[in-house]
């Protein structure tokens with residue numbers, strides 16, 4: 001009987017004697033010369049970390065931590081990371097690495113669910129459109145920061161009459177004392193006052209219209225920044241992982257340098273301690289742990305920040321060596337992602353604390369999330385620092401590099417799936433395919449840089465990049481655990497990392513069979529029940545905009561059921577026999593290279609297994625194309 005427990009865990013983390021060479025050298029004969037592998041293990045890790053660590057780590061996690069009890073929020077966050085984040089990341093990594101295919105072809109394991117892979121690619125494609133626009137925002141603000149003073153420091157010629165640089169906590173509205181931006185000679189203006197940074201964002205950067213109905217012209221400085229972003233992405237991916245693997249040495253590491261610089265500068269400022277106390281400190285509220293919403297926020301943030309269900313994790317892992325220890329990678333990448341979220345929060349809140357000190361208002365009144373944090377509150381805080389252009393350039397360059405890494409992964413998902421599907425057409429034309437993909441996404445992104453562009457970005461984010469991902473992830477874990485079979489999947493993983501004990505796999509089976517799918521289902525139902533129509537600020541969306549949002553959801557989800565129905569019609573036999581045939585792996589499901597297939601997936605064994613099926617089913621003429 002095999003030993004299990006700590007020794008099994010230690011072998012996987014520090015080295016696995018069951019596999020002679022977990023990470024074969026580049027020149028090894030087991031390398032996938034036809035489909036390519038990562039040049040080195042470092043390139044994969046940096047690419048995966050860069051893909052997982054996105055803008056949400058910088059502008060959403062700190063706000064959630066502040067809102068949900070400060071340091072107390074770390075407890076549910078890391079619990080959800082252990083029971084959902086790491087198991088799903090491990091599952092997706094192993095799934096892609098085993099067959100060296102993208103998120104569509106991996107579903108040869110369960111042909112009836114191939115539509116799940118198509119849905120992943122569609123989600124990634126749609127999200128890549130507006131994600132590129134957010135990168136364009138960062139580029140524009142970075143260029144605008146090369147001015148002294150910063151253009152949003154005061155109310156200049158572009159500002160409206162309700163612009164003010166002086167906040168005052170003295171406006172009593174309906175008996176509630178609220179923070180208001182006021183002119184020096186005004187206490188409670190009839191119209192809401194705005195800070196210069198807020199007006200700069202609305203009137204200069206976005207040139208925002210009154211709503212989705214008023215499209216307006218293209219904002220050309222944003223269109224040019226969008227073009228530059230597309231060119232950068234295309235150039236980085238021009239040779240696929242061979243070129244992007246080199247670029248991530250800079251784009252995946254330099255953000256940490258910038259965060260450290262901003263943190264050092266932040267903690268030396270007056271009021272920084274107050275900001276950090278509000279983030280994770282004495283202001284932490286353990287009683288928040290009794291609120292279900294806190295646990296839901298923790299699970300949702302864990303799920304989205306790791307990019308589960310987008311297809312990127314599977315795609316990046318598909319370029320690994322077959323015997324790569326993806327278990328160790330899953331721990332390293334997910335913990336780095338979580339640590340980045342926590343670490344970035346200190347840099348954010350230290351400077352927001354200084355901003356609150358300058359304005360003499362509570363820290364809670366200056367804290368925002370998303371666009372409000374990245375392009376209004378934080379730039380406003382940076383404008384109060386000495387040498388403010390330097391800090392502003394560094395901050396927006398950090399946002400740029402963080403966004404680019406995630407965009408690299410999204411584009412790689414699209415091109416990988418096309419090359420896997422049509423290798424004879426696209427394999428030799430990867431550069432052209434990459435340029436064409438980035439060009440199409442640029443054109444599709446132009447509506448998002450009109451005067452109504454921010455409304456389109458918010459609409460896509462709220463509908464497509466939300467609970468639709470939960471549907472995809474739920475079907476993914478059910479398909480692998482219950483239809484393909486978790487036990488079969490475990491044997492596939494053991495072919496890559498060596499045999500492990502029953503005790504070692506017990507936890508992962510529990511997660512894949514029960515804990516993780518139940519958790520996803522609860523979050524999904526809760527998200528649907530509590531779903532609210534998106535708004536931007538106080539601007540509500542017209543009915544046709546909301547209908548369009550639901551149409552985007554339907555367009556993504558219909559492929560899951562449409563492809564399943566199509567395959568059932570194409571199969572032969574009775575309805576039940578067709579379902580059974582499409583729930584079995586196809587003949588094309590196996591490790592990419594013959595040398596890795598072993599006895600379980602050898603051609604001789606497949607033919608031997610097929611003969612009794614043919615003999616048994618000849619009378620009913622049930623030989624499907626999937627088996």
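Residue numbering: from 1, along the chain as shown.
Backbone N, Cα and C define each Cβ position, glycine as well.
Annotation source TrEMBL lists transmembrane segment at 44-62 (among others).
The Na(+) binding site annotation in TrEMBL covers 50, 52, 53, 57, 305, 337, 405, 406. In the structure as shown, the Cβ atom of residue 57 (Na(+) binding site) sits within 10 Å of 24 other Cβ atoms.
Taken from TrEMBL, the feature transmembrane segment applies to 74-95 (among others). Residues 65, 68, 106, 109, 280, 289, 294-295, 298-299, 301-303, 306, 308, 313-314, 317, 326-327, 329-331, 333-335, 338, 342, 473, 476-477, 480, 489, 492-493, 496, 508, 511-512, 515-516, 519-520 of the same chain lie 6 or more positions beyond the ends of the transmembrane segment (74-95) yet place their CB under 8 Å from a CB of it.
A Cβ distance under 8 Å defines the sequence-distant neighbours of the transmembrane segment (116-143), meaning residues of its chain 6+ beyond its ends; these are 55, 102-107, 205, 221-222, 225-226, 228-230, 233, 309-312, 314, 374-375, 379, 392-393, 396-397, 399-400, 403-404, 406-407, 410-411, 413-414, 417, 441-442, 444-445, 448-449, 453, 456-457, 460-461, 464-465, 468-469, 472, 475-476, 479, 552, 555-557, 559-560, 563. The transmembrane segment feature in TrEMBL is assigned to 116-143 (among others).
Within 10 Å of the Cβ of residue 163 (disulfide bond) there are 20 other Cβ atoms, across all protein chains. Residues or ranges marked as disulfide bond in TrEMBL: 155-163.
Feature annotation from TrEMBL assigns transmembrane segment to 218-238 (among others).
What TrEMBL lists as transmembrane segment is 247-264 (among others).
The annotation transmembrane segment is assigned in TrEMBL to 302-319 (among others).
Residues annotated as transmembrane segment in TrEMBL: 331-352 (among others).
Distant neighbours of the transmembrane segment (390-419): 47, 50-51, 53-55, 57-58, 102-105, 117, 120-121, 124-125, 127-128, 131-132, 134-135, 138-139, 141-142, 145-146, 150, 229, 232-233, 236-237, 240-241, 244, 247-248, 250-252, 254-255, 258-259, 261-262, 265, 307, 310-312, 315-316, 318, 374, 378-379, 382-383, 426-427, 430, 433-434, 437-438, 441; these residues of the same chain sit at least 6 beyond its ends, with a Cβ under 8 Å from one of its Cβ atoms. Annotated transmembrane segment per TrEMBL: 390-419 (among others), in sequence order.
Within the chain carrying the transmembrane segment (431-457), a Cβ under 8 angstroms from the stretch's Cβ atoms is held by residues 125, 128-130, 132-134, 136, 206-209, 211-219, 222-223, 226-227, 230-231, 233-234, 237-240, 371, 411, 414-415, 418-419, 536, 539, 541, 545, all 6 or more beyond its ends. Residues annotated as transmembrane segment in TrEMBL: 431-457 (among others).
Residues annotated as transmembrane segment in TrEMBL: 463-485 (among others). Using a Cβ-Cβ cut-off under 8 Å and counting only residues 6 or more beyond its ends in the same chain, the transmembrane segment (463-485) has close neighbours at 88, 91-92, 95, 107, 109-110, 112-113, 116, 119-120, 123, 126-127, 303-304, 308-310, 512-513, 516-517, 520-521, 523-524, 527-528, 531, 534, 549-550, 552-553, 556-557, 560, 583, 585.
TrEMBL lists 506-529 (among others) with the feature transmembrane segment.
Here TrEMBL flags 541-569 (among others) as transmembrane segment. Under 8 Å from some Cβ of the transmembrane segment (541-569) lie the Cβ atoms of residues 111-116, 118-119, 122-123, 126, 211-213, 455, 459-460, 462-464, 468, 471-472, 475, 533-535, 575, 578-579, 582, 626, all in the same chain and six or more residues away from its ends.
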Contact set, same chain, for the transmembrane segment (506-529): CB under 8 Å, 6 or more residues outside the stretch: 80, 83-84, 87-88, 90-91, 296, 299-300, 303, 466-467, 470-471, 473-474, 477-478, 480-482, 486, 489-490
Count of other CB atoms lying within 10 Å of the CB belonging to residue 52 (Na(+) binding site): 26
Residue 163 (disulfide bond) versus binding-site residues 53, 57, 337 - nearest by Cα: 57
Positions on the same chain near the transmembrane segment (331-352), where near means CB under 8 A and six or more residues out: 13, 45, 48-49, 52-53, 57-59, 61-62, 65-66, 74, 77-78, 81, 85-86, 89, 256, 259, 262-263, 265-267, 269, 272, 275-276, 278-280, 301-302, 305-306, 363, 366-367, 373, 377-378, 381-382, 385
Residues close to Na(+) site centre defined by 50, 52, 53, 57, 305, 337, 405, 406, Cβ within 8 Å: 49, 51, 54, 307, 340, 402
Integer Å distance between the CA atoms belonging to residue 155 (disulfide bond) and residue 405 (Na(+) binding site): 35
Most Cβ pairs under 8 Å with the transmembrane segment (44-62), selected from 218-238, 247-264, 302-319: 302-319
